[in-house]
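Taken from TrEMBL as is:
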type: TRANSMEM; residues: 6-26; note: transmembrane segment
type: TRANSMEM; residues: 33-51; note: transmembrane segment
type: TRANSMEM; residues: 57-74; note: transmembrane segment
type: TRANSMEM; residues: 86-103; note: transmembrane segment
type: TRANSMEM; residues: 164-182; note: transmembrane segment
type: TRANSMEM; residues: 189-207; note: transmembrane segment
type: TRANSMEM; residues: 245-271; note: transmembrane segment
type: TRANSMEM; residues: 291-308; note: transmembrane segment
type: TRANSMEM; residues: 368-387; note: transmembrane segment
type: TRANSMEM; residues: 399-421; note: transmembrane segment
type: TRANSMEM; residues: 433-453; note: transmembrane segment
type: TRANSMEM; residues: 465-485; note: transmembrane segment
Amino acid sequence: MVALKTLAVLLSVLGYMGFIGVFGRVRASATPVLALSMIVLVLYGFGLAGVLFPGAVVALLGGLALGAAALVGVRRRWRELLVPRQAVCLLYLLPVVLLYRAIPADFLFTGWDEFSFWAPSAKLLYEIDGLYQAASPIVFKNYPPGQQLLQYFLTSLTQWSEKSVLFAQVAFMLSAILAVTGSFTRQRSVLGVAAFYSACAFIYFFRYDYAHIFADQLLAVYFAAAIALAIRLENRYRHLAWLPVMLAVLVLTKQVGLLLALVALGCYVLARGFEAAALPGAWRVRLRACLPALLTTLLGLLAILLAYRSWNAYVASINASKDLTLPALESFFQAPMLQRMGTTFLEFLSRLHVPNFMILHGRAGTPLSLYGLTAGLLLASVVVALVQPRGQRARAVALLAFLFLCALGYVAFLLLSYLVFFTEYEGTQLASFERYAATYHLAWLLVLFGLFCGRIDHLRVRAPAWVLAAVAAGLTAYAVPSAFFSDLQAVQADPLLLQKRQKVDALVEVMKKHMSGYDRAYFISQQSSGYEKYAFNYAVQPFHSMWWCWSVGAPYDDKDVWSCDDPLTKLLQPYAYVAIFHADERFWKDNGAFFDPEVQGRESGVFRVDRQGDAVVHLTEVH
């Protein structure tokens, strides 16, 4: 049954692709990412209406219906489609197949940040068949749900597994990368295939991978795809909807997607502007010819606005809004902001030059700093612009200069965010700065690579294309970190983290046998920095747990900010069950009186909280 459901989902996605290709007349390489984007928007609309699962069914049936329409539309073109030279297109499926096989059937999330939001949010949508609610047991409810909606489409219509969640993300990323390289190269060329294979590895240069479901890596490749389509979409009425669809999904992928969507739209305006300037005839004739581009621009702005405002309205409706207003200008020159600004800015200047931004395999050289990579991409932009045909050189210069200036603006925005939106600790430490900054630079690199490969692929002399295909694949294989090849063979978790995750799951399995209704669960792991606690929060969903005080008693040292020196009876007051992951000698010395003698001294276990009135009097082990 699961196999049949999976087949139906696959046919539905193919239906969207076929319809977009036949009636939308876009390049075949762009149809996968546009198809998945349409599904995200359909589910988003139904999710806002509170009927997410019916939305998944409608999206499924809609894809099947559109596929049938596409088959009717090409009924007279079967002979030209089913020719041997089209078989080269099957080579584009190889990374998809390899990565699907590389993900174990029993795959488990183990990334720390995955447990903070990305994994719990995906699981929550599946469990409640809806978007986040005010009482949902997750943090960051204001984060938009773009990637989670695609994951929900697959899991809700087949079955829940963490492999399915990860693969939905991988498929989305690969479809975006294909849209980038395929927008510039010929789809049946050897260079087109080699460019796609090489680009699939680029994410590993920035410490991203196909083994986790962080939004940043998806946002990067999707942003690159939006830029590629913005540059390559033709000025036709048939193409009115495709860029707005991409822009809306960018906004719904992550909050900073709003800025990236505006950058992509700016690229579209520049590209169409240069085309309009080259048109012959009177201004009225040129204006009429530019009408599709003008409408696309207006629809793009409308899509950005609707996606942004609709999500903000939903977040406000569940009381999850965050105050993102900038402080008054004079506050930047007064304590304590002035001191924080100085500390943050000094850390920022230091991180610009630390050679750990773009990593290479050890044999290929030392890592690059953000400053070094930006300079390198600027130089590459000059080269790419110069190799363009003479009639397109000015447009290429304008587009690549725009991307460079926006890169500077994006990094400046990150700095501002660390000053006013992040906590003081995160801001002064520039927490995850490289990961956030890599979103733009990876997209920039992908677009430059696509433009360069496309130029070579369209040369009249075919030999350079074959040579470049071999060189691109060879250099990428030589320089890419070894984790890329490891993940292609088998996506494997860190053994220690996997062991902790499995132990947490075993405790939760016992606990959930007894929990019901609005029961809450407490978690204890002495002298822990919190990894096990966040894994527990994910596993125990849809039940609530706590977010702090997972270590009980006085702090173990000066750096211990997780231990709470409150009586255990006070900490357990609102909870029905407690899972002990790691109890040490001090814990039993302080709290052994609340447990039966035979369990005292154990490292772990699951216990029911017994009360007399409102007072916690005993903890009874459950199995």
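For all residues, glycine too, the Cβ spot is worked out from N, Cα and C.
Those TrEMBL annotations? Automatic predictions, nothing curated.
Residues 351-358, 360, 393, 396-397, 400-401, 403-404, 407, 411, 434, 437, 441, 444-445, 448, 451-452, 455 of the same chain sit 6 or more residues outside the transmembrane segment (368-387) yet have a Cβ under 8 Å from a Cβ within it. Beyond the transmembrane segment (291-308), the same-chain residues lying 6 or more positions past its ends with a Cβ under 8 Å from any Cβ of the stretch are 144, 233, 235-237, 239-241, 243-245, 247-249, 251-252, 258, 261-262, 265, 268-269, 272, 275-276. Using a cut-off of 8 Å between Cβ atoms, the transmembrane segment (6-26) and the transmembrane segment (57-74) share at least three residue pairs, counting only pairs 6 or more apart in sequence.
Between the transmembrane segment (245-271) and the transmembrane segment (57-74) there are fewer than 3 Cβ pairs closer than 8 Å, counting only pairs 6 or more residues apart in sequence, which means the two stretches are not in contact. Of the ranges 164-182, 433-453, 465-485, the one with the most Cβ pairs under 8 Å to the transmembrane segment (33-51) is 164-182.
Within the same chain, the transmembrane segment (189-207) stays apart from the transmembrane segment (57-74): fewer than three Cβ pairs sit under 8 Å, each pair at least 6 residues apart.
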